[in-house]
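Feature list (source: TrEMBL):
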type: REGION; residues: 1-20; note: region 'Disordered'
type: COMPBIAS; residues: 1-13; note: compositional bias 'Polar residues'
type: TRANSMEM; residues: 31-49; note: transmembrane segment
type: TRANSMEM; residues: 55-72; note: transmembrane segment
type: TRANSMEM; residues: 84-101; note: transmembrane segment
type: TRANSMEM; residues: 121-138; note: transmembrane segment
type: TRANSMEM; residues: 150-167; note: transmembrane segment
type: TRANSMEM; residues: 187-207; note: transmembrane segment
type: TRANSMEM; residues: 228-246; note: transmembrane segment
type: DOMAIN; residues: 239-380; note: domain 'O-antigen ligase-related'
type: TRANSMEM; residues: 252-269; note: transmembrane segment
type: TRANSMEM; residues: 281-301; note: transmembrane segment
type: TRANSMEM; residues: 365-398; note: transmembrane segment
type: TRANSMEM; residues: 405-425; note: transmembrane segment
type: TRANSMEM; residues: 431-449; note: transmembrane segment
Amino acid sequence: MVVTPSANASPSDRTPIESPRVHRTFRAARTAIPAPIWPALLGVGLLFGGLDNGLGKGLICLAAAMLLFWQIARDPIPRDMGRALLPVFSAMTLAALWGWWTSTATGLGRALAPDLILNQLIGLIGNTLVFTLAALIGYRRRSLERDNEWLIVFLALGLIAGLLLRLDDETRFFVFWERAHGPRFMGTLNNANVAANVYAVVALLAFCRLLDLRTPRRNGIRRRSDKVRFWFCAAMLPLALGAIVATGSRTTIVTVAAMSALLIALRVARARGRQRSGGIMAVVVAMMLLTLLATPLAAMVSSRFDAMQEGASGRWLLWTHYADIASAALWRGYGLGSFPMVNLRYPGTIDVAQQLWMVNSPHNIVLHFLLEGGIVFLLAHIVAAAFVLRAIGLALLYGRLRTDVTGLLASAAIILLGAMVDIVLEVPATAALFLTLVGLSFGQARRILGRA
């Protein structure tokens, strides 16, 4: 017998599946692109050196454009989401136009690096498309648990591939992995500090999934797959932590430890004694860190921290030198992609030139923006970030952001801190990863604010 609802039934008498709002929710979940696709493409990019070559930005821009077109074709951008994205689009359009103008108008109408202008503009467009794609995915998902798990899977595959490459001497002859056998572990990337930030994302996402999976669901029902997911994340967490230690990245080691402690504190404060997963996980992570530091890696990590003062003085010399150069062209900068030419044209004193002649970046994302496009270029990025952070901050004030979003925000914060001291956001694939984390968080925040 088929039971049909009465025509006079009130909205409150309808079953959940009959509610128009729930129908819209299920439709939205179906129209979002499948969760594994974009994480898989990010994983491939990170597998091949982070696409840190002349084609990387173009490939990311093309992939993001195709997936964004697919997403919009399946489900047009909602009006409220369009209004939220408009200020970000406007700020990034200003950044692109200003960057193009200052690149073509630098120095008597001649650009310092004319062959790199188009590639840098494609990178700006690609970054905007990546953020938009991730924001729409986050907006259409009821939960980001599966997206986070797929990110863990494909980022961890790159980590495991890096471990296997280190065991095979033949891989040193392949251009993408020629540095896989250095003293510091780099995985499939060409910079140990960049690799550490990628593995930090794996560690923090796995850590937050463990916290979630230890907490009973609201309906009290545990799925059979929950146990598989729990043990998978439990295996990925120590693997990622060990990889971070093996990179010898001091900043990442410290920030991951601090962020893990903060996540535990927030979890315990939110639980208010109803469950003890935070305390249990604190003990687990402490045991893992003690175990890792008791391995032969401890000597390498100790030597890295012993040389911290020397490294800090080197960074200070680098930052002060390029800050002086940036201040000489504060409004316009020197043009997109012009850093190599700037470094050759303004070497400074003999001592400074001897130490910095081989540097390929100011190792600070703020200085990077100032040198390329000046204060206007930097402010355009800050304005775009402010609109994104405002939405996320309001959602946090409502207290309705789930642990999966907290893990995304913590991972993005780690990458941003890394970009303040290194080239993390100047590698195309890691920049796309960062914007994916932020975009997913922004989409979930807008979903919450739209229903508040």
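Glycine is no exception: its Cβ is also placed from the backbone N, Cα and C atoms.
For the domain 'O-antigen ligase-related' (239-380), the predicted model reports an average pLDDT of 79. Among residues of the same chain six or more beyond the transmembrane segment (365-398), those with a C-beta under 8 A of the stretch's C-beta atoms are 84, 87-88, 91-92, 94-95, 98-99, 102-103, 120, 319, 322-323, 325-326, 329-339, 342, 409, 416, 419-420, 425-426, 438, 441-442, 444-446, 448-449, 452. Beyond the transmembrane segment (84-101), the same-chain residues lying 6 or more positions past its ends with a Cβ under 8 Å from any Cβ of the stretch are 77, 117, 120-121, 124-125, 127-128, 131-132, 135, 336, 372-374, 376-377, 380-381, 383-384, 387-388, 391, 442, 446. Contact between the transmembrane segment (31-49) and the transmembrane segment (150-167) is present: at least three CB pairs lie under 8 Å, with pairs separated by 6 or more positions in sequence. Only residues 6 or more beyond the boundaries of the transmembrane segment (431-449), in the same chain, are considered here, and those with a CB under 8 A from a CB of the stretch are 38, 42, 45-46, 60, 64, 80-81, 84, 123, 126-127, 130-141, 144, 147, 151, 155, 198, 201, 388, 391-392, 394-395, 398, 400-402, 405, 408-409, 411-412, 415-416, 419, 424-425. Contact count against the transmembrane segment (252-269) (Cβ pairs under 8 Å) is highest for 187-207, out of 121-138, 150-167, 187-207, 228-246.
Within the same chain, residues 35-36, 39-40, 42-44, 46-47, 177, 180-181, 185-189, 195, 198-199, 201-202, 205-206, 209, 232-233, 236, 239-240, 243, 433, 436 sit at least 6 positions outside the transmembrane segment (150-167) and bring their C-beta atoms closer than 8 Å to a C-beta of that stretch.
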